[in-house]
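Visitor: Dumping the structure here so I can ask a few things about it.
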(Lines of atoms letter the chains of each structure in order from A and count residues from 1; the text may use other names and numbers.)
(Lines give C-alpha, C1' and ligand atoms only; values in the text may rest on other atoms or scores of the structure.)
Protein backbone atom coordinates (compact mmCIF):
# COMPACT_ATOMS: atom_id res chain seq x y z
CA UNK A 1 0.00 0.00 0.00
CA UNK A 2 2.79 2.40 0.94
CA UNK A 3 4.63 1.63 -2.30
CA UNK A 4 1.52 2.27 -4.42
CA UNK A 5 0.88 5.61 -2.73
CA UNK A 6 4.51 6.60 -3.15
CA UNK A 7 4.50 5.72 -6.85
CA UNK A 8 1.30 7.70 -7.41
CA UNK A 9 2.69 10.76 -5.75
CA UNK A 10 6.01 10.41 -7.58
CA UNK A 11 4.20 10.12 -10.91
CA UNK A 12 2.17 13.20 -10.18
CA UNK A 13 5.28 15.18 -9.29
CA UNK A 14 7.54 13.94 -12.09
CA UNK A 15 4.92 14.49 -14.79
CA UNK A 16 5.56 18.24 -14.82
CA UNK A 17 8.26 20.05 -16.73
CA UNK A 18 11.70 20.52 -15.25
CA UNK A 19 11.18 24.18 -14.40
CA UNK A 20 7.86 23.39 -12.74
CA UNK A 21 9.49 20.70 -10.66
CA UNK A 22 12.20 23.10 -9.54
CA UNK A 23 9.62 25.71 -8.71
CA UNK A 24 7.62 23.22 -6.65
CA UNK A 25 10.73 22.17 -4.82
CA UNK A 26 11.59 25.77 -4.05
CA UNK A 27 8.05 26.36 -2.87
CA UNK A 28 8.29 23.37 -0.57
CA UNK A 29 11.67 24.49 0.66
CA UNK A 30 10.28 27.92 1.49
CA UNK A 31 6.99 26.93 3.08
CA UNK A 32 7.14 23.24 3.92
CA UNK A 33 10.45 23.30 5.73
CA UNK A 34 11.18 25.28 8.83
CA UNK A 35 14.59 26.17 10.17
CA UNK A 36 14.03 23.45 12.76
CA UNK A 37 13.71 20.71 10.12
CA UNK A 38 16.56 22.14 8.03
CA UNK A 39 18.89 21.99 11.02
CA UNK A 40 18.04 18.35 11.64
CA UNK A 41 18.62 17.51 7.97
CA UNK A 42 22.33 18.27 8.41
CA UNK A 43 22.61 15.11 10.54
CA UNK A 44 21.14 12.85 7.90
CA UNK A 45 23.06 10.61 5.57
CA UNK A 46 22.17 9.12 2.22
CA UNK A 47 21.10 5.51 2.29
CA UNK A 48 22.58 2.92 -0.07
CA UNK A 49 19.61 0.91 -1.30
CA UNK A 50 21.41 -1.14 -3.98
CA UNK A 51 21.33 -4.35 -1.96
CA UNK A 52 17.70 -3.87 -0.92
CA UNK A 53 16.62 -3.32 -4.54
CA UNK A 54 17.68 -6.90 -5.31
CA UNK A 55 15.03 -8.32 -2.95
CA UNK A 56 12.44 -10.07 -5.17
CA UNK A 57 9.38 -9.50 -2.96
CA UNK A 58 7.98 -5.98 -3.27
CA UNK A 59 6.37 -5.83 0.18
CA UNK A 60 9.58 -6.95 1.89
CA UNK A 61 11.63 -4.61 -0.28
CA UNK A 62 9.46 -1.62 0.66
CA UNK A 63 9.69 -2.49 4.36
CA UNK A 64 13.48 -2.86 4.28
CA UNK A 65 13.78 0.38 2.30
CA UNK A 66 11.73 2.27 4.88
CA UNK A 67 13.72 0.67 7.69
CA UNK A 68 16.94 1.77 6.03
CA UNK A 69 15.74 5.35 5.55
CA UNK A 70 14.13 5.82 8.97
CA UNK A 71 16.45 3.92 11.31
CA UNK A 72 19.83 4.03 9.56
CA UNK A 73 19.36 7.29 7.64
CA UNK A 74 20.77 9.41 10.46
CA UNK A 75 24.23 9.93 11.92
CA UNK A 76 22.66 9.40 15.35
CA UNK A 77 21.67 5.80 14.56
CA UNK A 78 24.40 4.63 16.92
CA UNK A 79 22.19 5.80 19.84
CA UNK A 80 19.17 3.68 18.87
CA UNK A 81 20.36 0.63 20.93
CA UNK A 82 19.79 2.75 24.04
CA UNK A 83 16.01 2.43 23.45
CA UNK A 84 15.73 -1.37 23.85
CA UNK A 85 18.37 -1.20 26.58
CA UNK A 86 16.19 1.18 28.60
CA UNK A 87 13.10 -0.99 28.08
CA UNK A 88 14.91 -4.21 28.98
CA UNK A 89 16.55 -2.55 31.96
CA UNK A 90 13.13 -1.57 33.33
CA UNK A 91 12.03 -5.21 33.47
CA UNK A 92 15.41 -6.64 34.48
CA UNK A 93 15.86 -4.53 37.58
CA UNK A 94 18.46 -2.03 36.36
CA UNK A 95 19.10 0.83 38.76
CA UNK A 96 16.93 3.91 38.23
CA UNK A 97 19.83 6.23 37.24
CA UNK A 98 20.83 3.80 34.48
CA UNK A 99 17.30 3.74 33.10
CA UNK A 100 17.20 7.54 33.27
CA UNK A 101 20.48 7.89 31.36
CA UNK A 102 19.56 5.31 28.71
CA UNK A 103 16.16 6.92 28.18
CA UNK A 104 17.77 10.32 27.66
CA UNK A 105 20.16 8.88 25.08
CA UNK A 106 17.29 7.13 23.31
CA UNK A 107 15.30 10.35 23.05
CA UNK A 108 18.09 12.07 21.09
CA UNK A 109 17.75 10.20 17.75
CA UNK A 110 13.97 9.93 18.13
CA UNK A 111 13.60 13.72 18.22
CA UNK A 112 15.62 14.01 15.01
CA UNK A 113 13.63 11.25 13.32
CA UNK A 114 10.32 12.93 14.14
CA UNK A 115 11.61 16.03 12.35
CA UNK A 116 12.62 13.86 9.38
CA UNK A 117 9.22 12.16 9.19
CA UNK A 118 7.24 15.41 9.42
CA UNK A 119 9.37 16.75 6.59
CA UNK A 120 8.62 13.65 4.52
CA UNK A 121 4.90 14.14 5.08
CA UNK A 122 5.29 17.77 4.02
CA UNK A 123 6.18 16.59 0.50
CA UNK A 124 2.64 15.24 0.18
CA UNK A 125 0.59 17.71 2.23
CA UNK A 126 1.91 20.85 0.50
CA UNK A 127 4.13 23.68 1.73
CA UNK A 128 1.67 25.45 4.02
CA UNK A 129 0.31 22.41 5.82
CA UNK A 130 3.79 20.91 5.87
CA UNK A 131 5.21 24.01 7.52
CA UNK A 132 2.40 23.93 10.07
CA UNK A 133 3.14 20.26 10.78
CA UNK A 134 6.83 20.98 11.24
CA UNK A 135 6.10 23.93 13.51
CA UNK A 136 3.71 21.90 15.66
CA UNK A 137 5.87 18.77 16.00
CA UNK A 138 9.14 20.66 16.35
CA UNK A 139 9.20 20.31 20.14
CA UNK A 140 7.12 17.17 20.55
CA UNK A 141 9.61 15.68 23.01
CA UNK A 142 9.35 18.59 25.45
CA UNK A 143 5.55 18.59 25.21
CA UNK A 144 5.27 14.86 25.88
CA UNK A 145 7.66 15.01 28.86
CA UNK A 146 5.72 17.96 30.28
CA UNK A 147 2.33 16.26 29.97
CA UNK A 148 3.59 13.00 31.47
CA UNK A 149 5.18 14.90 34.36
CA UNK A 150 1.86 16.67 34.90
CA UNK A 151 -0.01 13.38 35.10
CA UNK A 152 2.45 12.40 37.85
CA UNK A 153 1.80 15.74 39.62
CA UNK A 154 5.44 16.81 39.19
CA UNK A 155 4.66 20.46 38.47
CA UNK A 156 8.12 21.68 39.42
CA UNK A 157 9.75 19.29 36.92
CA UNK A 158 7.44 20.59 34.19
CA UNK A 159 8.39 24.20 34.90
CA UNK A 160 12.10 23.42 35.16
CA UNK A 161 12.24 21.43 31.91
CA UNK A 162 10.34 24.04 29.87
CA UNK A 163 12.43 26.86 31.30
CA UNK A 164 15.59 24.92 30.49
CA UNK A 165 14.50 24.44 26.89
CA UNK A 166 14.08 28.19 26.42
CA UNK A 167 17.39 29.02 28.12
CA UNK A 168 19.33 26.41 26.15
CA UNK A 169 17.98 27.71 22.84
CA UNK A 170 18.64 31.37 23.63
CA UNK A 171 22.09 30.99 25.20
CA UNK A 172 23.60 27.58 24.49
CA UNK A 173 22.44 26.88 20.92
CA UNK A 174 22.62 30.46 19.70
CA UNK A 175 25.84 31.17 21.60
CA UNK A 176 27.59 28.08 20.25
CA UNK A 177 26.37 28.84 16.73
CA UNK A 178 27.61 32.44 16.80
CA UNK A 179 30.91 31.43 18.39
CA UNK A 180 31.67 28.57 15.99
CA UNK A 181 30.44 30.56 12.99
CA UNK A 182 32.62 33.50 13.99
CA UNK A 183 35.72 31.30 14.40
CA UNK A 184 35.10 29.59 11.04
CA UNK A 185 34.57 32.93 9.27
CA UNK A 186 37.16 35.16 10.92
CA UNK A 187 38.03 37.05 7.74
CA UNK A 188 34.50 37.99 6.72
CA UNK A 189 31.61 39.59 8.51
CA UNK A 190 28.63 37.42 9.27
CA UNK A 191 25.29 39.08 8.69
CA UNK A 192 21.69 37.98 9.19
CA UNK A 193 18.20 39.38 8.71
CA UNK A 194 17.02 41.12 11.88
CA UNK A 195 13.34 41.10 10.94
CA UNK A 196 12.85 37.46 11.92
CA UNK A 197 14.69 37.92 15.22
CA UNK A 198 12.64 41.02 16.08
CA UNK A 199 9.37 39.13 15.71
CA UNK A 200 10.59 36.35 18.00
CA UNK A 201 11.80 38.77 20.66
CA UNK A 202 8.48 40.65 20.69
CA UNK A 203 6.72 37.37 21.40
CA UNK A 204 9.28 36.26 24.00
CA UNK A 205 8.92 39.55 25.87
CA UNK A 206 5.16 39.18 25.86
CA UNK A 207 5.56 35.69 27.29
CA UNK A 208 7.94 37.05 29.93
CA UNK A 209 5.26 39.55 30.99
CA UNK A 210 2.85 36.65 31.48
CA UNK A 211 5.41 35.01 33.79
CA UNK A 212 6.22 38.16 35.75
CA UNK A 213 2.71 39.26 36.68
CA UNK A 214 1.67 36.07 38.57
CA UNK A 215 4.98 36.13 40.43
CA UNK A 216 4.51 39.78 41.42
CA UNK A 217 1.17 38.96 43.03
CA UNK A 218 3.16 37.47 45.89
CA UNK A 219 4.81 40.82 46.58
CA UNK A 220 1.84 43.17 46.38
CA UNK A 221 -0.19 41.60 49.17
CA UNK A 222 -0.04 42.88 52.73
CA UNK A 223 -0.06 41.00 55.99
CA UNK A 224 -3.83 40.64 55.90
CA UNK A 225 -3.87 38.98 52.47
CA UNK A 226 -4.13 35.20 52.73
CA UNK A 227 -1.83 32.92 50.79
CA UNK A 228 -4.83 31.07 49.33
CA UNK A 229 -6.22 34.30 47.88
CA UNK A 230 -2.88 35.18 46.28
CA UNK A 231 -2.59 31.65 44.87
CA UNK A 232 -6.11 31.85 43.41
CA UNK A 233 -5.36 35.23 41.83
CA UNK A 234 -2.12 33.93 40.32
CA UNK A 235 -3.82 30.78 39.02
CA UNK A 236 -6.69 32.69 37.40
CA UNK A 237 -4.33 35.18 35.78
CA UNK A 238 -2.08 32.37 34.52
CA UNK A 239 -4.95 30.52 32.89
CA UNK A 240 -6.25 33.67 31.20
CA UNK A 241 -2.73 34.60 30.09
CA UNK A 242 -2.20 31.11 28.67
CA UNK A 243 -5.21 31.54 26.40
CA UNK A 244 -3.81 34.87 25.20
CA UNK A 245 -0.39 33.28 24.63
CA UNK A 246 -1.91 30.51 22.52
CA UNK A 247 -3.80 33.09 20.45
CA UNK A 248 -0.55 34.99 19.90
CA UNK A 249 1.17 31.78 18.78
CA UNK A 250 -1.59 31.06 16.27
CA UNK A 251 -1.18 34.61 14.96
CA UNK A 252 2.58 33.98 14.76
CA UNK A 253 1.99 30.88 12.62
CA UNK A 254 -0.29 32.84 10.30
CA UNK A 255 2.38 35.55 10.09
CA UNK A 256 5.15 33.01 9.44
CA UNK A 257 3.42 30.66 7.03
CA UNK A 258 1.00 32.93 5.14
CA UNK A 259 1.16 36.72 5.32
CA UNK A 260 4.91 37.36 5.81
CA UNK A 261 6.51 34.10 4.81
CA UNK A 262 9.28 35.91 2.95
CA UNK A 263 10.76 37.14 6.25
CA UNK A 264 11.51 33.55 7.25
CA UNK A 265 12.96 32.48 3.88
CA UNK A 266 15.90 34.88 3.68
CA UNK A 267 18.58 32.19 3.73
CA UNK A 268 16.83 29.98 1.18
CA UNK A 269 16.51 32.86 -1.28
CA UNK A 270 20.30 33.07 -1.52
CA UNK A 271 20.34 29.55 -2.98
CA UNK A 272 17.23 29.91 -5.11
CA UNK A 273 19.09 29.99 -8.43
CA UNK A 274 22.13 28.00 -7.30
CA UNK A 275 22.49 24.99 -9.60
CA UNK A 276 24.55 23.19 -6.95
CA UNK A 277 21.58 22.97 -4.59
CA UNK A 278 20.30 19.40 -4.76
CA UNK A 279 16.57 19.08 -5.30
CA UNK A 280 15.00 16.96 -2.58
CA UNK A 281 12.26 14.39 -3.02
CA UNK A 282 10.35 12.13 -0.68
CA UNK A 283 12.13 8.88 0.15
CA UNK A 284 9.20 7.09 1.80
CA UNK A 285 5.46 6.98 1.07
CA UNK A 286 2.84 9.07 2.82
CA UNK A 287 1.19 6.27 4.81
CA UNK A 288 4.54 4.72 5.64
CA UNK A 289 5.71 8.05 7.01
CA UNK A 290 2.50 8.48 8.98
CA UNK A 291 2.78 5.03 10.58
CA UNK A 292 6.45 5.58 11.43
CA UNK A 293 5.60 8.98 12.93
CA UNK A 294 2.92 7.49 15.17
CA UNK A 295 5.26 4.70 16.22
CA UNK A 296 8.12 7.10 17.01
CA UNK A 297 5.77 9.28 19.05
CA UNK A 298 4.66 6.29 21.11
CA UNK A 299 8.27 5.33 21.80
CA UNK A 300 9.05 8.92 22.81
CA UNK A 301 6.10 8.78 25.21
CA UNK A 302 7.41 5.53 26.70
CA UNK A 303 10.95 6.84 27.23
CA UNK A 304 9.59 10.12 28.56
CA UNK A 305 7.63 8.16 31.14
CA UNK A 306 10.86 6.47 32.20
CA UNK A 307 12.60 9.86 32.47
CA UNK A 308 9.84 11.34 34.60
CA UNK A 309 9.63 8.28 36.86
CA UNK A 310 13.38 8.05 37.52
CA UNK A 311 14.50 11.69 37.69
CA UNK A 312 14.40 11.90 41.49
CA UNK A 313 16.41 8.69 41.93
CA UNK A 314 18.96 9.92 39.37
CA UNK A 315 19.19 13.21 41.24
CA UNK A 316 19.95 11.48 44.52
CA UNK A 317 22.39 9.00 42.99
CA UNK A 318 24.36 11.56 40.99
CA UNK A 319 24.31 14.22 43.70
CA UNK A 320 22.65 16.72 41.37
CA UNK A 321 19.54 18.73 42.13
CA UNK A 322 16.34 18.05 40.20
CA UNK A 323 16.42 21.66 39.01
CA UNK A 324 19.89 21.23 37.47
CA UNK A 325 18.95 17.98 35.72
CA UNK A 326 15.68 19.41 34.40
CA UNK A 327 16.98 22.84 33.37
CA UNK A 328 20.42 21.86 32.04
CA UNK A 329 20.73 18.14 31.22
CA UNK A 330 17.28 17.40 29.78
CA UNK A 331 17.32 20.18 27.12
CA UNK A 332 20.94 19.49 26.11
CA UNK A 333 20.38 15.78 25.49
CA UNK A 334 16.81 16.00 24.22
CA UNK A 335 17.58 18.68 21.61
CA UNK A 336 21.09 17.58 20.67
CA UNK A 337 20.10 16.91 17.05
CA UNK A 338 18.76 20.36 16.22
CA UNK A 339 21.51 21.99 18.31
CA UNK A 340 24.19 20.28 16.24
CA UNK A 341 22.39 21.22 13.02
CA UNK A 342 22.27 24.89 14.00
CA UNK A 343 26.01 24.87 14.67
CA UNK A 344 26.74 23.19 11.32
CA UNK A 345 24.78 25.87 9.44
CA UNK A 346 26.65 28.57 11.37
CA UNK A 347 29.92 27.06 10.15
CA UNK A 348 28.54 27.40 6.62
CA UNK A 349 27.81 31.10 7.27
CA UNK A 350 24.04 30.53 7.15
CA UNK A 351 23.13 32.35 10.32
CA UNK A 352 19.50 32.91 9.33
CA UNK A 353 18.89 29.18 9.66
CA UNK A 354 20.77 28.99 12.96
CA UNK A 355 18.76 31.91 14.34
CA UNK A 356 15.55 30.36 13.04
CA UNK A 357 16.33 27.17 14.96
CA UNK A 358 17.25 28.83 18.27
CA UNK A 359 14.75 31.68 18.37
CA UNK A 360 11.97 29.75 16.68
CA UNK A 361 12.26 26.85 19.11
CA UNK A 362 12.41 29.21 22.12
CA UNK A 363 9.30 31.01 20.86
CA UNK A 364 7.48 27.75 20.31
CA UNK A 365 8.26 26.55 23.84
CA UNK A 366 7.37 29.88 25.44
CA UNK A 367 4.21 30.70 23.49
CA UNK A 368 2.86 27.23 22.70
CA UNK A 369 4.16 24.43 24.94
CA UNK A 370 4.13 26.40 28.21
CA UNK A 371 0.54 27.74 27.92
CA UNK A 372 -0.65 24.42 26.54
CA UNK A 373 0.64 22.64 29.66
CA UNK A 374 -1.21 25.20 31.80
CA UNK A 375 -4.43 24.42 29.93
CA UNK A 376 -3.82 20.65 30.17
CA UNK A 377 -3.19 20.99 33.91
CA UNK A 378 -6.42 22.98 34.18
CA UNK A 379 -8.31 20.17 32.44
CA UNK A 380 -6.70 17.57 34.73
CA UNK A 381 -7.62 19.58 37.81
CA UNK A 382 -3.98 20.39 38.68
CA UNK A 383 -3.16 23.87 39.94
CA UNK A 384 -0.22 24.99 37.78
CA UNK A 385 0.45 28.69 37.21
CA UNK A 386 2.96 30.74 35.24
CA UNK A 387 4.92 31.69 38.34
CA UNK A 388 8.30 30.03 37.78
CA UNK A 389 9.68 31.54 41.01
CA UNK A 390 12.07 34.46 41.35
CA UNK A 391 15.39 32.83 40.45
CA UNK A 392 14.04 31.03 37.40
CA UNK A 393 12.03 33.99 36.07
CA UNK A 394 14.96 36.34 36.61
CA UNK A 395 17.23 34.00 34.62
CA UNK A 396 14.68 33.92 31.80
CA UNK A 397 14.28 37.72 31.75
CA UNK A 398 18.01 38.42 31.66
CA UNK A 399 18.58 35.77 28.99
CA UNK A 400 15.99 37.33 26.69
CA UNK A 401 17.38 40.84 27.23
CA UNK A 402 21.02 39.81 26.72
CA UNK A 403 20.20 37.87 23.55
CA UNK A 404 18.15 40.76 22.17
CA UNK A 405 21.03 43.20 22.70
CA UNK A 406 23.43 40.72 21.09
CA UNK A 407 21.42 40.55 17.86
CA UNK A 408 20.33 44.17 17.59
CA UNK A 409 22.71 45.26 14.79
CA UNK A 410 22.23 42.33 12.39
CA UNK A 411 25.91 41.28 12.46
CA UNK A 412 27.77 38.59 14.35
CA UNK A 413 31.28 37.64 15.48
CA UNK A 414 32.67 35.05 17.84
CA UNK A 415 32.74 37.41 20.84
CA UNK A 416 28.94 37.66 20.86
CA UNK A 417 28.63 33.91 20.91
CA UNK A 418 31.23 33.62 23.66
CA UNK A 419 29.32 36.04 25.90
CA UNK A 420 26.08 34.07 25.44
CA UNK A 421 27.89 30.83 26.25
CA UNK A 422 29.43 32.31 29.39
CA UNK A 423 26.01 33.53 30.51
CA UNK A 424 24.66 30.00 30.08
CA UNK A 425 27.58 28.59 32.09
CA UNK A 426 26.86 31.05 34.91
CA UNK A 427 23.20 30.03 35.01
CA UNK A 428 24.20 26.35 34.95
CA UNK A 429 26.54 26.88 37.90
CA UNK A 430 23.75 28.70 39.73
CA UNK A 431 21.39 25.74 39.48
CA UNK A 432 24.24 23.30 40.16
CA UNK A 433 24.92 24.85 43.56
CA UNK A 434 21.20 25.26 44.27
CA UNK A 435 20.55 22.58 46.86
CA UNK A 436 17.28 24.00 48.16
CA UNK A 437 14.33 21.59 48.35
CA UNK A 438 12.28 21.24 45.20
CA UNK A 439 9.96 24.24 45.05
CA UNK A 440 6.23 23.62 44.91
CA UNK A 441 3.81 25.75 42.89
CA UNK A 442 3.18 29.14 44.48
CA UNK A 443 6.12 28.63 46.84
CA UNK A 444 7.07 32.28 46.39
CA UNK A 445 3.57 33.30 47.41
CA UNK A 446 3.72 31.20 50.54
CA UNK A 447 7.21 32.37 51.43
CA UNK A 448 6.33 36.02 51.01
CA UNK A 449 3.15 35.53 53.04
CA UNK A 450 5.21 33.96 55.81
CA UNK A 451 7.53 36.99 55.82
CA UNK A 452 4.52 39.30 56.08
CA UNK A 453 3.13 37.29 58.99
CA UNK A 454 6.47 37.38 60.80
CA UNK A 455 6.75 41.13 60.28
CA UNK A 456 3.21 41.64 61.52
CA UNK A 457 3.86 39.52 64.61
CA UNK A 458 7.04 41.44 65.40
CA UNK A 459 5.18 44.73 64.98
CA UNK A 460 2.40 43.65 67.31
CA UNK A 461 4.94 42.57 69.89
CA UNK A 462 6.73 45.92 69.76
CA UNK A 463 3.56 47.96 70.09
CA UNK A 464 2.14 45.75 72.88
CA UNK A 465 5.33 46.13 74.87
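Placed from the backbone N, Cα and C atoms, the Cβ positions cover glycine too.
Bear in mind that TrEMBL entries carry predicted annotations, made automatically and left uncurated.
Quantities reported herein were computed from a predicted structural model and do not represent experimental measurements.
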Visitor: I'm validating the feature mapping. Which of 51-75, 76-100, 101-125 is tagged transmembrane segment in TrEMBL?
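Guide: Matching range for transmembrane segment: 76-100.
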Visitor: From the ranges 414-434, 435-455, pick the one that TrEMBL records as transmembrane segment.
Guide: 414-434
Visitor: Tell me which of 166-187, 386-407 corresponds to the transmembrane segment entry in TrEMBL.
Guide: 166-187
Visitor: Counting only pairs 6 or more apart in sequence, are there at least 3 Cβ pairs under 8 Å between the transmembrane segment (240-260) and the transmembrane segment (76-100)?
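Guide: No; fewer than 3 Cβ pairs under 8 Å.
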Visitor: Counting only residues 6 or more past its boundaries, what in the same chain has a CB within less than 8 Å of a CB in the transmembrane segment (166-187)?
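Guide: Residues 327-328, 331-332, 335, 338-339, 342-343, 345-347, 349, 351, 354-355, 357-359, 361-362, 365-366, 395-396, 399-400, 402-403, 406, 412-421, 423-424, 427 contact the transmembrane segment (166-187) from elsewhere in the chain.
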Visitor: Between the transmembrane segment (199-220) and the stretches 76-100, 281-304, 324-347, 359-380, 414-434, work out which stretch tops the count of Cβ pairs under 8 Å.
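Guide: Out of the listed stretches, 359-380 contacts the transmembrane segment (199-220) most.
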